[in-house]
Amino acid sequence: MARPSPLCLLLLLTLLTPIVPSNSLLTEPPFRWRFYLHETWTQGNRLSTVTLATVDCQPHGCQAQVTFNFTSFKSVLRGWSNPTICFVYDQTHSNCRDYWVDTNGGCPYAYCRMHVTQLHTAKKLQHTYRLTSDGRTTYFLTIPDPWDSRWVSGVTGRLYRWPTDSYPVGKLRIFLTYIRVIPQVLSNLKDQADNIKHQEEVINTLVQSHPKADMVTYDDKAEAGPFSWITLVRHGARLVNMAGLVNLSHCFLCTALSQPPLVAVPLPQAFNTSGNHTAHPSGVFSEQVPLFRDPLQPQFPFCYTTPNSSWCNQTYSGSLSNLSAPAGGYFWCNFTLTKHLNISSNNTLSRNLCLPISLVPRLTLYSEAELSSLVNPPMRQKRAVFPPLVIGVSLTSSLVASGLGTGAIVHFISSSQDLSIKLQMAIEASAESLASLQRQITSVAKVAMQNRRALDLLTADKGGTCMFLGEECCYYINESGLVETSLLTLDKIRDGLHRPSSTPNYGGGWWQSPLTTWIIPFISPILIICLLLLIAPCVLKFIKNRISEVSRVTVNQMLLHPYSRLPTSEDHYDDALTQQEAAR
């Protein structure tokens with residue numbers, strides 16, 4: 001079974017031990033003025049608000065202009081638009097300040113003052129224009145007078161998609177607050193501490209501990225506070241020291257978040273109830289607490305009650321009324337912990353398993369190597385799907401190899417069919433045995449029924465049960481021999497499946513022999529070589545004839561080239577006939 005992912009003592013100490021800060025970090029964190037830019041727009045029937053950007057004034061105060069940097073407006077899509085902002089406070093005309101302020105936000109007319117987005121070609125433009133853009137990804141909104149008191153109460157403006165639009169598409173709000181700036185190191189530690197605290201609160205809720213219960217402390221006067229993994233690991237380290245384990249400087253105590261933090265360990269003897277113990281709250285202390293089982297001891301050393309005497313080595317023989325557990329001890333009864341045990345002899349709880357236990361932190365001790373293997377598991381190497389191509393053999397060789405592997409696949413299919421037949425025989429033998437047993441049970445049931453009826457009617461003096469009932473007599477037929485035969489068949493098949501296939505006697509033929517796996521891959525190249533040897537003489541003879549013919553024609557042409565044909569008498573006769581025909 002795979003081990004759970006551990007939460008180690010080393011990691012906890014690393015998270016909770018802060019880095020030694022410098023002198024500047026030990027002083028009280030400074031306070032600064034911070035500007036916020038919020039955008040509000042309507043999305044369907046829902047009103048949405050988001051923080052576009054924040055910017056801090058200089059440490060000595062807001063004595064110089066500040067600029068917001070943000071990527072985009074939520075209500076204006078980048079591209080086919082030119083965002084424009086209107087404020088009421090910087091309007092010079094009374095019509096722009098007094099009319100349709102809630103609707104238009106200072107720009108009900110075209111002559112009102114509007115801050116149109118300008119292309120940010122130089123940094124000096126920020127001193128001239130309030131709203132600029134680099135044309136790609138960033139907008140710049142400048143506050144020229146951050147020292148003005150209006151920003152503390154907040155300034156509201158309207159956002160238009162185009163300067164010529166009649167109505168705005170969103171609302172902007174800019175305000176200034178005095179905040180406490182936390183250094184980055186302390187901020188990171190604070191976030192980690194908050195996360196650990198949240199996890200401990202969740203686990204504390206799951207543990208369902210009593211606020212006054214002595215859960216993980218050994219002093220019965222101490223009150224257990226909220227559950228803490230640090231406290232759990234500390235108690236685990238204390239137990240390790242008490243156990244006398246040495247040379248643990250390079251070991252790790254680990255616990256798992258997915259498992260209960262405590263485990264109940266059975267004690268070898270009953271509690272000493274003679275002394276006066278501190279009063280504990282009555283009732284159930286905790287539920288679903290797992291019990292530790294020693295794999296080397298099949299029995300529990302001591303039990304107060306048990307449903308089976310074989311489970312315990314020793315059972316409590318005294319009275320189980322009004323028993324109290326001392327500090328650090330509990331009664332474990334069916335996954336439930338309690339400090340008091342009050343069981344009468346006729347109570348149903350007397351048939352449950354109740355043990356004296358002590359709660360121990362559920363920790364695991366790992367060495368350096370074991371922890372390294374858990375945190376960084378070894379990488380599994382992937383096997384090559386087509387090894388000939390991976391190791392650099394040519395594609396032709398790979399194709400030939402894949403073709404030769406067909407024989408091995410055929411042999412594997414034949415072996416699988418043989419195995420399927422044997423399994424089928426085993427299933428049939430098992431079914432036959434079960435059917436035989438069922439027939440025996442049916443036969444016994446019929447005989448018992450007939451005997452019961454015969455004995456009830458006492459009809460032995462009238463010819464026996466069969467004659468009185470007027471039906472055939474049924475007797476038990478011992479079919480155990482058939483069962484034994486079927487079992488022997490199963491044993492033979494089992495031995496045949498486990499025995500290596502080394503004998504040459506196969507029911508399917510010689511092609512199912514293991515030797516076939518080695519022979520078949522060589523058949524294809526042998527056949528190819530034989531085919532080449534068969535056609536090689538014909539090919540060679542054809543090539544030889546062609547070469548001879550070409551050589552003969554070439555030699556004749558070279559020898560007859562200087563000679564020409566001489567005229568004969570037949571040639572003169574042909575010329576005379578030609579002239580006569582032309583004269584006619």
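The first residue you see is number 1, and the count goes up from there.
Heads up, the Cβ atoms here are built off N, Cα and C, so glycines get one too.
Quick look at what Swiss-Prot lists:
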type: SIGNAL; residues: 1-22; note: signal peptide
type: CARBOHYD; residues: Asn69; note: N-linked glycosylation site
type: CARBOHYD; residues: Asn247; note: N-linked glycosylation site
type: CARBOHYD; residues: Asn272; note: N-linked glycosylation site
type: CARBOHYD; residues: Asn276; note: N-linked glycosylation site
type: CARBOHYD; residues: Asn308; note: N-linked glycosylation site
type: CARBOHYD; residues: Asn313; note: N-linked glycosylation site
type: CARBOHYD; residues: Asn322; note: N-linked glycosylation site
type: CARBOHYD; residues: Asn334; note: N-linked glycosylation site
type: CARBOHYD; residues: Asn342; note: N-linked glycosylation site
type: CARBOHYD; residues: Asn346; note: N-linked glycosylation site
type: REGION; residues: 384-404; note: region 'Fusion peptide'
type: MOTIF; residues: 466-474; note: motif 'CX6CC'
type: CARBOHYD; residues: Asn478; note: N-linked glycosylation site
type: TOPO_DOM; residues: 540-584; note: topological domain 'Cytoplasmic'
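Known features from Swiss-Prot, placed on the structure.
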| residue | record | Cβ contacts under 8 Å, 6 or more apart |
| --- | --- | --- |
| Asn69 | N-linked glycosylation site | Ala53, Val55, Thr138, Tyr139, Phe140 |
| Asn272 | N-linked glycosylation site | Pro326 |
| Asn308 | N-linked glycosylation site | none |
| Asn313 | N-linked glycosylation site | Gln299, Phe300, Pro301, Phe302 |
| Asn322 | N-linked glycosylation site | His340, Asn342 |
| Asn334 | N-linked glycosylation site | Asn352, Leu353, Cys354 |
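In the three-state DSSP reading, Asn69 (N-linked glycosylation site) counts as strand.
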